[in-house]
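Feature list (source: TrEMBL):
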type	residues	note
DOMAIN	5-413	domain 'TRAP C4-dicarboxylate transport system permease DctM subunit'
TRANSMEM	6-32	transmembrane segment
TRANSMEM	53-74	transmembrane segment
TRANSMEM	94-122	transmembrane segment
TRANSMEM	134-160	transmembrane segment
TRANSMEM	166-190	transmembrane segment
TRANSMEM	211-233	transmembrane segment
TRANSMEM	266-291	transmembrane segment
TRANSMEM	311-328	transmembrane segment
TRANSMEM	356-382	transmembrane segment
TRANSMEM	394-418	transmembrane segment
Amino acid sequence: MAAFFGIFLLLLATGVPIALALGIGGVAFLWLSGNEMMILQLPQRMMAGVNQFVLLTIPLFLLAGTLMNVAGITDRIVGFARATVGHRRGGMSSVTVLSAGFFAGISGSANAEAAALGSILIPTMRKQGIPAAYAAALVGVCSIVGPIIPPSITMIIYGVLSGTSIGQLFLAGVIPGVLLIASFLVYVTWRARRDGFPLSERVPWAERRGDVVRALPALFLPVIIIVGIKAGVFTPTEAAAVAVTYALIVGLAYRDLTVERIWHSLVITAIVSSAILFITSVASIVAFVFTLEQVPTRITEMVLSITENKLAILLLLNLFLLLLGMFLEPISILILAMPVLLKIGALLGMDPVHFGTMVVLNVVIGMATPPVGIQLFIVAAASGEPLIRIVREALPLIGICIVVLALVALIPPLTLFLPNAFVPVN
């Protein structure tokens, strides 16, 4: 295994994309270990890894989110949030949190959310007198709600790799996502009062009603997905197809969708989906190598040699995942660690849905955590602020995320209440 990780890390250091680095590392390991004949099986294994009907949800949800975005939905969501909480002290910070929550139900991607909201909300918060570094940090950290609230690309990948019900994972993410949003709202309200952020201009009721009415069709998309899956009306794959149809109808009704924009959405979806599905296919190589070398069993035995206390093992696992999340993308972490994660999850006796939600929350928090924290780099580029200032402002928000993570890890009903109350179609 030292050869696999050595080649993988060397390729990463030279700038090779992570999917290629994993694949080449796996092939090289099989060659060096004298298992050349097994290399011939890899194309078949890669094909089997993506030959799953449920993976259709990835391009379909991506397309729905892209269509809604190019149709000007982001502006309408921000308008709705402003009409709801924009009149408070430092109101645009509350608007940012609420917008992140609503946008999460459309995009399913933290990167897309940070880029879309950052371009609109950071300049607006600056005009209101809110420090630019704080504004950027708020957008960067709040955008991690995207992969928690359904639809979530990260949860789809986890479900496919682990065999866990994607419908139940979607439902399990709702309460943790709402907890994050509520906690962020409490923090930004306290911060606005402490720092004396200016009061926002109160918008007339007629204008507020207009903002709400304009945003309602867009806000129905996550409702349709969640309620449809809860009620067992359709599977996650069918929900994704419904989401695309609804996005087209809403975009055309708003008269913001043109043939050019639809084509642009299709191209973006094809590029992003192909990258995700390629790295998913490479996961089959990694799983094969890990199984061949009995890596999950060895790591489990090593953990048990350190401690048999389940609470201590849970703490070590969360720290390990947070550390990985600081340096790698969530999907890459799931591919690398899934065989080991499933073994440790079984050792802890945790419900697969509860365990999966905890794992996803861990890896997405890492997206906003230094030293890498890709979300912070995205908002740094959008705001022009030095990264170190943004990091300082982000630390309290990251602390809030870790508190919510601890609650999710230790209190199973936070994730299992909705999946147990409603049995979705897989």
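Glycine is no exception: its Cβ is also placed from the backbone N, Cα and C atoms.
No curator has checked TrEMBL annotations; they are predicted automatically.
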Exercise. Short question: which residues 6 or more past the ends of the transmembrane segment (53-74) have a Cβ under 8 Å from it?
Worked result: 103, 106-109, 112, 116-117, 120, 151, 153, 156-157, 159-160, 166, 218, 221, 235-237, 239-241, 243-244, 246-248, 250-251, 254, 256-257, 261-262, 264-266, 268-270, 272-273, 276-277, 280, 426
Exercise. Along the domain 'TRAP C4-dicarboxylate transport system permease DctM subunit' (5-413), what average pLDDT does this model show?
Worked result: 84
Exercise. Hey, which bits of the same chain come close to the transmembrane segment (134-160), Cβ under 8 Å, at least six residues off its ends?
Worked result: 52, 54-55, 57-58, 61-62, 64-65, 92-93, 96-97, 100-101, 103-105, 107-114, 117-118, 121-122, 125-126, 166, 169-171, 173-174, 176-178, 180-181, 184, 188, 191, 222, 225-226, 229, 236, 239-240, 243, 276, 280, 330-331, 334, 338, 356-357, 359-361, 363-365, 367-368, 373, 375-376, 378-380, 382-383, 385, 390-391, 393-394, 397-398, 401
Exercise. Between the stretches 6-32, 94-122, 211-233, 311-328, which one has more Cβ pairs under 8 Å with the transmembrane segment (166-190) than any other?
Worked result: 94-122
Exercise. Are there at least 3 C-beta pairs under 8 angstroms linking the transmembrane segment (211-233) and the transmembrane segment (311-328), leaving out pairs fewer than 6 apart in sequence?
Worked result: no
